[in-house]
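The structure under discussion appears below in the form of structure tokens.
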């Protein structure tokens, strides 16, 4: 390099230590300034160029119009290029004229000139790629200015020293160059205008990050405006920025889906290759081990999806880790500087500045790393939620039965969140070993081979912690199973809460949940104890390493002296070593939890999907809309086929009826046409779009209009036609908001008939080619059914000309169909036109002979008129066929099955859909819909975010839940461990000063022993505090869950009608998870960072009292940042919590309606809807992540200032301080940055997580029902004895502010009397039963049973003495015994007797498990009739004096109806029976009939008298053919 600089007047050496270091006026040689210093910016730009160009090529952000700013920057670049060339030409000029300039004067202008040309071109290329602020060029210009400052000073000092300017030309060009690069730096700090054609331009509220300048992005200053806004007022949804394109769900999910698809393809190829025959020998085949089927790896799919983010974060993390080792080296030099009185003072100031600069750079890069990794974590969670949602849309029905909604919601809420939680620790897998290796390397440099002793400690402790983590994983797996069971049970309880209240069964289910919860908490406790042991091991590890290393060092050789430099540089290295070791427990815990979640998610994603090719859409015979050729179908591969060898051809435009007995496969046939069943063989072809009306009407939680439109654009004419033909116009007049009325979850505020008609209107509006109608007429009365058939389905209806497949029970419409398919035993037994089937004289004709007279008379007469010849033919045929007699077993059985299936049309009102929902919706009509508002028709209340500070009462509640003594003990233990840590370090400082004061170290054993004792004391106190926290946290988790559970079980029915179950489940899943597993570690980390911060300030002030001067300003700045941050982050967290519930509510709703969604081809629309809800959640999550980074940069700046001032004051007071105190002070200062950051973070996290307590407490304090038992007013033993029921001037409303639904009702029912209750929909029939059980409380008046006012006794004393057979026969998952007798009060003989009387004993006896037969969720594995008989058995077991039948037989077949009515007449002969009836024939022999009309008693007399009077009841009886 010296030759490069030449010799002579302008020549110099490249480096001169006396000039640059060992002097009080340091400078660099001209050669160094003109060469390496000038080249540094150029080297940087050329090094960064390849990666930057690659980035720009793959990130087109738009096009920026040429602006004055761009022109100025370009002009400056050109001028700098010119200045460099002028310098170069001047050197050539000198060479020509014989002055022989040094080579550096040719090389440097050439290098700088080319680099300036590159910078100029880069300015324009960035403009074309839409870059508003270039970080690469800002750093380049900054380096140019920094590297030019030294020559700037040197040239002036040289000119002053020499009295003249040695090289006036280069002197002038340099200052021109300096002025230009300084201007370029200033201009580059200003950002360009937004680019054209950018998506950001269309955004009304874009995230400012996208257009922020380089320094703003580096320091997260762009977040400041939102922080100020959040400080001034609570943030709202409208304040949140839109998501950038790359963060949106549709982008992120698609990337993961593509990666997952590749994994599936690879796995399938691997299996195919394994399965290929290679013609081996017989022995080889027999002896060869069976190859394991290779499953696609979800982990690999995740890694491939987020590779770029992982690599970017790894780069940031690597730089940050390397920078972490700079300050210990600077500390070493600083201590040596303090020890050397002859060292120049500027060394100390330079060291202080370098320590500040190093810390600041580390801060900036650290938070770029965190931002990168947390944004990746957010995208990861979004992608996993999206993939789970998409999978749920296509899983088979058998998988749906295995994976309940609660379990799938857990995958989304808990398991996806765990991946997000563990993501920030992923890089520890490689960075922790790197940091440990580097720390040990530097320790070796200081302490020599003694450092290996510390390595040995680490190596020995790793297996111990590994064993602990494996045990933790075992507990984690078990705990998640209990969590799933608890959530599943809670989901069932919430969906069947009304049944539990009516039967007074809440205590039984309460105990079930508490039992599961107890098991879950036991595993949590064990896991937490193991976590505490793991924490103890790793907290003690750095200290043990320090102790043993220093002990070995001083004992291995007497000449080894522990001085301040060795002690505190080692200590700072050990503190660095402590970070990865302390994080390892969290990493292990997080990875353990994530591995469990990974397996759960992977297992779910590998479940079977419906075959999209099951139904062919193109190849079909001409003239036909639907064909099935040799079709055999099953619901699951491991189950026998449900439908066998079907051969069906349905012409275009035909109306086809499907009839048959119970379980024959009618609904299965519709499902097979939809592709919902698994096809074993055959071909199914469907040509055209499909509309589907299921047995169980699926209604969304949105407005009635949105339910009908179902995502299609509004066509007013078609919409009006759909409402009119489906008889919905009259309902719109009653609904508070008309068609804008919000329909509650699962259509809870509509009657069964209204739900079915909305479902039918959706189909009509869809204007599809093919309509699959699964029994849509069973849920409406006879007149409405006739209207719908005539106006919609029939030959003259709006669907005339469309292909219609109608599953039906009634026979009055069959003559108008084009042909009929009769199913029996999963096969087509007969098929043909109505008249042809009559001529065939099979089971269909036999059924008509027996049950046609029971049909509605008017409808039957119409049928006779329309098919007179067919009926005459029927009479003739039946009279001549003697082989169809009842003594033929096969024929009799078919007839019996038909009898079970066919139901007479209802006489009035609307009945519930014949197939009960899987989840309990609401069996009782909602005449006055409980929570409607007249103005808006909104039912579900919006979840409101709390604002302002979290109330101190919430913290107090949690502290009390933990136990006040426990809370106080934890704080004292943490304070004690901090004191022990300070004591150990102060002792180390004194030990290191022994060598300074005495030249050697005496009392080494004492020094080492005390140091060891203090360290061990610290470790023990940490472990004690962790164990104490476990005790308190588990107790708090138990009490808070218990309070929530008890309150919700006791909440009134109106609460469940107005609150989505997803919102309640969110409390039991996500919020309880936070209380269980997140809150306690957060508190421990807060205490740790708080005491560390306090102890650091105390040590620094004690070491350098001058530091007191800056403590107050830094504390003010710290408090200022903290107040801004906490206010904003708290509200962002609340908004995130509020926006999370709709994701799960929508998911639950989607899973129950997948068949409808698929049938209408709306899968893509629902994906978009789910993505929208997830994106809305991300809109609050992303600013929350940014707020943490904003906090980190600003707080760590305060911490860096602490480092700066600690070092500066050490330099200033070097004459009065010993090296030990300086080492102690600065080493503590180096820790304070992280401690201050974590303290605010943990304060905020505590506030964010304590919101879970707030939300749980909120739902633990909602209004409850009356007490279950009033000890001071218990009902007499054996009450009621007679069963006399009186309503005295009774009025009721659903809630304050609404109209009365029953008005001044006065009714007296004698004991043992049988009373039927009838009336049109909305008359108040079911309201009476709600009042009798006190589901609704009186507005005025009273109900008296056997002389006792029911309002004066406990709810369970009342409800347990009444019996109801509800319209919806709800069963719960569990044994049949539990569903009959949840309290275990009855003997096995009693239960079998009840089963015998309810005609279920044959079925139960045939089951291998008998009474322990496992009922599926909702009783899904039993038929509707069987479920209703179970309800009858419940009533027989209870055998109370008052029995209520709430339309109990409206949705079941005739035979089951006959069985129930016969049993009721015999077994409840002496009981009071109140029957809400739709089938008037069931109450014609009752003592009296109560007719309600608009909430008042219209008629009340015997059936005979009421018919004779010719009033409302007479009209109903006439409609039913009974008068």
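Cβ coordinates come from backbone N, Cα and C, glycine included.
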(message) Labelled transmembrane segment by Swiss-Prot, one stretch among 1171-1191, 1192-1212, 1255-1275, 1276-1296. Can you tell me which?
(response) 1192-1212
(message) Is it true that Swiss-Prot lists residue 475 and residue 1216 in the same topological domain, i.e. on one side of the membrane?
(response) no
(message) Which range is it, out of 274-294, 379-399, 442-462, that shows up in Swiss-Prot as transmembrane segment?
(response) 442-462
(request) Could you let me know which of 18, 630, 1304 shows up in Swiss-Prot as N-linked glycosylation site? (result) 18
(message) Under Swiss-Prot, the annotation region 'Disordered' belongs to which of these stretches: 861-881, 882-902, 903-923, 924-944?
(response) 903-923
(message) Just to confirm what the record says: which one of 749, 1002 has N-linked glycosylation site annotated in Swiss-Prot?
(response) 1002
(request) Look up residue 660 (ATP 1 binding site) in the DSSP assignment and report helix, strand or coil. (result) coil
(request) Pull the DSSP breakdown for the topological domain 'Extracellular' (151-170) and write it out as helix, strand, coil residue counts. (result) 15 helix, 0 strand, 5 coil
(request) Would you find the one among the binding-site residues 660, 661, 665 whose Cβ has the most company, meaning other Cβ atoms within 10 Å? (result) 660
(request) For the transmembrane segment (1097-1117) and the transmembrane segment (130-150), check the count of CB pairs under 8 Å (sequence separation 6 or more) and say whether it reaches 3 or more. (result) no
(request) Determine whether the transmembrane segment (130-150) and the transmembrane segment (36-56) share at least three Cβ pairs under 8 Å, counting only pairs 6 or more apart in sequence. (result) yes
(request) Could you check if the transmembrane segment (346-366) is in contact with the transmembrane segment (1192-1212), meaning 3+ Cβ pairs under 8 Å among residue pairs at least 6 apart in sequence? (result) yes
(message) Checking distant contacts: for the transmembrane segment (1192-1212), what same-chain residues at least six beyond its ends satisfy Cβ-Cβ under 8 A?
(response) 219-220, 327, 334, 337-338, 345, 348-349, 351-353, 355-356, 359-360, 363-364, 366-367, 370, 1096, 1100, 1104, 1106-1107, 1110, 1114, 1117-1118, 1121-1122, 1222, 1225-1226, 1228-1230, 1232-1237, 1240-1241
(request) May I ask you to report the DSSP-based helix, strand or coil state of residue 665 (ATP 1 binding site)? (result) coil
(request) Report yes or no: does the transmembrane segment (36-56) come within contact of the transmembrane segment (536-556), defined as 3 or more CB pairs under 8 Å with a sequence separation of 6 or more? (result) no
(message) Contact between the transmembrane segment (536-556) and the transmembrane segment (103-123) is defined here as three or more C-beta pairs under 8 Å separated by at least 6 residues; is that satisfied?
(response) no
(request) Report, as numbers and ranges, which residues of the same chain sit near the topological domain 'Extracellular' (1093-1096): CB under 8 Å and 6 or more residues beyond its ends. (result) 978-979, 981-982, 1202, 1228-1229, 1231-1232, 1235-1236, 1239
(request) May I have the DSSP-based helix, strand and coil counts for the residues of the topological domain 'Extracellular' (1213-1219)? (result) 1 helix, 0 strand, 6 coil
(message) Taking only the residues in the topological domain 'Extracellular' (989-1013), give me the average pLDDT of this model.
(response) 73
